[in-house]
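Student: One structure, as C-alpha cells, below. Some questions next.
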Amino acid sequence: MKNISFKVNDFQYTINNKLTLIQACLKNKVDISRFCFHEKLSIAGNCRMCLVEDLKQVKPLASCAINVSNSMNIYTNTLKVKKARESVLEFLLANHPLDCPICDQGGECDLQDQSVVFGSDRGRFYEFKRSVEDKDCGPLIKTIMNRCIHCTRCVRFSNEVAGVNILGVTGRGSKMEIGFYIENLMRSELSGNVIDLCPVGALTSKPFAFTSRPWELKSYNSIDVLDSLHSNIRVDIRGTKIMRILPRVNSELNEDWITDKIRFSYDSFRRQRLYDPMVKISGSFLKIGWKKAMLFIKKFFCNFLGFNHSSFIPLRGYIGDYLDLETIYTFKKFLLLNGSNFFLPSSSYNDLTALYSFNTPLTRLDEGDFCILLDVNLRVELPIVNSRIKQLVSKKMLPVFVLGFYSNFNYFVKHISNSSKTLLHVLEGSHWLSAKISKKFSSKPIFLIGDSSSLLKGSLIVPLFNFTNVICDNWNGLNIISNDSSYLSTKEFNLSSSHSQNSHLLNFPINFVLNYDKAVLVDSSAFQIYQGHHGDTNAINSNLIFPSTSFIEKNSFYSNSLAIVQKTKKILFSPGNSRDDWKILNALIDNFGFSYFKVRNSFDLVSFLSESTPFILYKRSFSFKCFGFYEQLVYHFFNYFSVNNNYYIYDSITRNSKIMSLCFNKFKMKGYNFF
C-alpha cells in the first residue's frame with residue numbers, strides 16, 4: 001500500500017493514498033468544517049462546506065470527494081476558502097427558520113457553530129422561506145423538516161447501517177425534501193442514531209423535547225447492559241434524573257451507534273422500583289428494615305433445618321440478566337456455603353470458553369468469506385452486530401445462510417431449513433451447502449449461533465470442527481449469541497442462567513430469585529426470596545423481597561459476550577433502602593455465620609475475582625483448542641421455532657418504560673412485525 005506526501009497549510013504529512021483529503025486531514029488532527037461528511041457513512045458531497053484551496057486548481061475543491069495525491073499543497077484557512085464557506089452558509093441559511101431559541105439542538109448545533117465562525121453578519125435573501133411538512137417517524141424521533149439542510153446523513157444511515165430503505169430525497173431545487181416515499185414509520189432498532197447524525201434540529205429526540213439544555217447536564221460514561229455486547233454509552237443527568245443516553249465511540253464494539261432500547265428506556269429507572277425490604281404476611285407485603293429482614297431469613301432457615309433434620313439448606317437459585325461479576329461470584333459462594341449444587345451438566349462443554357462466547361473480534365468480521373446464522377434472530381438479540389453483517393453484505397457481497405426460524409432480515413439471506421437435521425446433512429457433506437462451507441472452499445467462515453441451539457449440547461460440535469475451518473490458525477469463527485447480558489459471566493462461574501436444564505428440581509422448598517424476570521414454575525408451598533430492582537411478577541409471588549440497585553447506581557464489573565470486561569459507574573444514588581446485589585448476598589453469608597468468606601468492600605471482592613477468573617484483570621486471548629477428544633453424542637432432531645420477537649418489551653427494565661410501551665403499541669397498531 002503506497003504512502004504519499006502532501007502539504008496542508010504548509011505542514012508536510014504522509015498518508016495512505018486511498019484516503020480522501022478530508023479523511024487525511026482528520027487523521028492528522030487538521031479540522032475541516034463539514035455537514036454531510038461522516039466517517040461511518042458513504043460520501044455524498046452535498047453541503048460543499050468542506051471546500052479547500054489547492055494552489056494548482058482554479059476553483060476550491062470539495063475535500064470529501066477528492067483523493068489525496070502526491071505533492072498536493074492544500075490550504076484550509078485562506079481568504080478564498082473563507083469566502084466560499086460564507087457563501088455556502090448564506091445559501092443554507094436562506095431557507096432556515098429563525099427558531100433557534102426553541103430548538104432542541106441549541107448548544108449542539110453544527111450550523112450555529114459554523115455560522116459564528118464562517119457566516120456573514122447580514123443576509124441578502126428577501127423572498128419567502130419555504131415550508132416543508134413534518135414527517136411522522138414514530139414515538140422516538142421528532143421531525144421539523146423546515147430546518148433540514150439536505151445533508152442526507154439520515155438517508156445514508158437508514159440505507160447503509162440500519163438496513164431499512166425507507167428514507168429518500170424527492171423533488172428538485174426549492175421543492176427538494178427528505179422523507180418517506182410512502183407514509184411510513186422509522187421501523188429500525190437503531191433509528192435513534194439519526195438524532196445524533198443530524199447536524200441541525202430537523203431530527204431530535206421526541207422524549208427529550210423541551211426538557212433541558214446541554215449545558216444543564218452532567219455527563220457520565222457507562223456501558224449498555226441491555227444486550228450482551230455492552231456498547232459504550234454516555235449518560236446525561238440533571239439533578240437526580242436521567243435526561244438522555246447517548247453513544248460513546250468504540251471501534252471494537254459499537255462504533256458510533258447504540259440501540260433504541262438503551263437510548264430510550266431510561267425512564268424505567270424511576271418507575272416500579274423496589275425501595276425497602278418487604279415480607280409477605282397474610283397475602284400483603286409489609287415493609288421491614290434490613291436488620292429485621294436478616295433476622296427473619298435467619299430464623300426461617302434455622303427453623304427449616306430443625307424441622308427437617310437437615311444439615312444443609314435445599315436452596316435453588318434463579319439467575320437473571322444484567323448481573324455484574326461481583327454479584328454472580330458472591331451468589332455462587334452463597335449457594336455453595338448453603339450446600340446447594342446448581343451447576344450445569346458437563347455435556348454443555350462449560351470447560352471451553354470458546355463454546356459460549358463471541359470469539360471473532362468485531363473488527364475482523366470483514367475477513368470472513370461466509371456466514372451462517374443458526375437458530376438466532378440477530379436483529380433482535382444483537383442489533384449492532386447485525387448492522388455490521390448488513391454492511392458486509394452490501395459492500396463485500398458476503399453470502400449469508402439461515403438455519404432456523406426465518407425472521408424479517410434487513411439484508412439478503414438464503415433460508416435453508418427449519419430443521420436441525422439439515423445441519424447434520426450439511427456437515428456430513430450430503431447437502432448442496434456442504435461444498436460452500438467445507439475446508440476446501442471457505443477459509444474463514446463465520447458461524448453465529450443462538451445460545452439455545454442444539455449445537456451447543458455437543459451433538460454436532462465435533463462434525464462442525466472437522467468439516468469446516470471455523471477454528472483454525474489465527475481464526476475463530478464460532479460465535480454464540482445470547483439475549484442474556486450476563487450469559488458468559490454465568491458460564492464462566494459454571495452457573496446456569498436458565499432453569500430449563502434443571503427442570504427435575506422444580507420441587508425445591510426454597511427458591512432464591514436473583515433479578516430473574518422470567519416466569520418461575522414452582523410449587524405454591526415453596527418459600528421464595530426475590531432480589532431485584534424492579535417490581536415484577538416474581539416479586540409479587542415472593543415471600544421476601546430484597547431491593548437492589550440497577551447498573552447505573554453502582555460501580556461494578558461486567559463481562560460482555562466477547563469476554564471484554566468493562567466497568568459501570570455509579571451515576572445516581574440508589575433509591576430508598578436498596579443496596580448493591582453483592583452486598584446483600586455478602587450480608588446473608590455473614591448472617592449465617594460463614595466467617596471464612598470475609599468481604600468488606602469492593603476491593604476485597606475484586607481480589608477474590610481476579611484469583612478465580614483471570615480474564616478480570618487480563619484481556620482473554622482467543623485460544624484455538626483441539627476439540628477432537630470430545631466424544632460425539634446422540635443426535636436429537638427437532639424444528640427451530642421463533643425466538644423472542646418483542647424487541648421493545650423484553651425484561652423488567654423495558655417493561656417498566658413508558659417510552660418502550662409507546663413504541664410497542666405504535667408498531668403493533670401499524671401492524672409491523674419486522675423482527
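Cβ from N, Cα, C; glycine included.
Heads up, here are the entries from Swiss-Prot:
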- 2-80: domain '2Fe-2S ferredoxin-type' (DOMAIN)
- Cys36, Cys47, Cys50, Cys64: [2Fe-2S] cluster binding site (BINDING)
- 80-119: domain '4Fe-4S His(Cys)3-ligated-type' (DOMAIN)
- His96, Cys100, Cys103, Cys109: [4Fe-4S] cluster 1 binding site (BINDING)
- Cys148, Cys151, Cys154, Cys198: [4Fe-4S] cluster 2 binding site (BINDING)
- 217-273: domain '4Fe-4S Mo/W bis-MGD-type' (DOMAIN)
Student: Averaged over the domain '4Fe-4S Mo/W bis-MGD-type' (217-273), what pLDDT does the predicted model reach?
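Tutor: Taking every residue of the domain '4Fe-4S Mo/W bis-MGD-type' (217-273) together, the mean pLDDT is 93.
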Student: Please count the residues of the domain '4Fe-4S His(Cys)3-ligated-type' (80-119) that DSSP assigns to helix (H, G, I), strand (E, B) and coil.
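Tutor: So the counts come to 27 helix, 0 strand, 13 coil.
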Student: Inside 8 A of the center formed by the CB atoms of His96, Cys100, Cys103, Cys109, which other residues of the chain have their CB, for the recorded [4Fe-4S] cluster 1 site?
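Tutor: Residues close to the [4Fe-4S] cluster 1 site, other than His96, Cys100, Cys103, Cys109: Pro97, Asp99, Gln105, Gly106, Leu111, Gln112, Arg147, Val200, Gly201.
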Student: Between Cys100 ([4Fe-4S] cluster 1 binding site) and Cys50 ([2Fe-2S] cluster binding site), how far is it from one CA atom to the other, in Å?
Tutor: 24
Student: Just going by other Cβ atoms within 10 Å, which of the binding-site residues Cys36, Cys100, Cys198 has the emptiest spot?
Tutor: Cys100
Student: Other than Cys148, Cys151, Cys154, Cys198, which residues of the same chain sit close to [4Fe-4S] cluster 2? List them in sequence order, counting a residue when its Cβ is within 8 Å of the Cβ centroid of the site.
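Tutor: For the [4Fe-4S] cluster 2 site, the extra neighbours are Ile149, His150, Thr152, Arg153, Ile178, Val194, Leu197, Pro199, Val200, Ala202, Leu203.
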Student: With a radius of 8 angstroms around the mean position of the C-beta atoms of Cys36, Cys47, Cys50, Cys64, what other residues of the same chain does the [2Fe-2S] cluster site pick up?
Tutor: Ile22, Arg34, Phe35, Phe37, Ala44, Gly45, Asn46, Arg48, Met49, Ala62, Ser63, Cys151
Student: Sorted by position, what residues of the same chain at least six away from Cys148 ([4Fe-4S] cluster 2 binding site) have a C-beta under 8 A from it?
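Tutor: When sequence neighbours closer than 6 are ignored, Cys148 ([4Fe-4S] cluster 2 binding site) has Val132, Glu177, Ile178, Val200, Ala202 within Cβ distance under 8 Å.
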Student: Between His96 ([4Fe-4S] cluster 1 binding site) and Cys36 ([2Fe-2S] cluster binding site), find the distance joining the two CA atoms and give it rounded to the nearest Å.
Tutor: 16
Student: Sorry to bug you, but what's the C-alpha spacing from Cys151 ([4Fe-4S] cluster 2 binding site) to Cys47 ([2Fe-2S] cluster binding site), rounded to the closest Å?
Tutor: 6
Student: Taking Cα atoms as reference points, rank the binding-site residues Cys36, Cys64, Cys103 by distance from Cys151 ([4Fe-4S] cluster 2 binding site) and give the first.
Tutor: Cys36
Student: Whole-number answer please: how many Å between the C-alpha atoms of Cys103 ([4Fe-4S] cluster 1 binding site) and Cys198 ([4Fe-4S] cluster 2 binding site)?
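Tutor: Pair distance, Cα basis, whole Å: 13 Å.
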Student: Just checking, which of Cys109, Cys151 (binding-site residues) has the fewest C-beta atoms within 10 Å of its C-beta?
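Tutor: Candidates: the binding-site residues Cys109, Cys151. Fewest Cβ atoms within 10 Å: Cys109.
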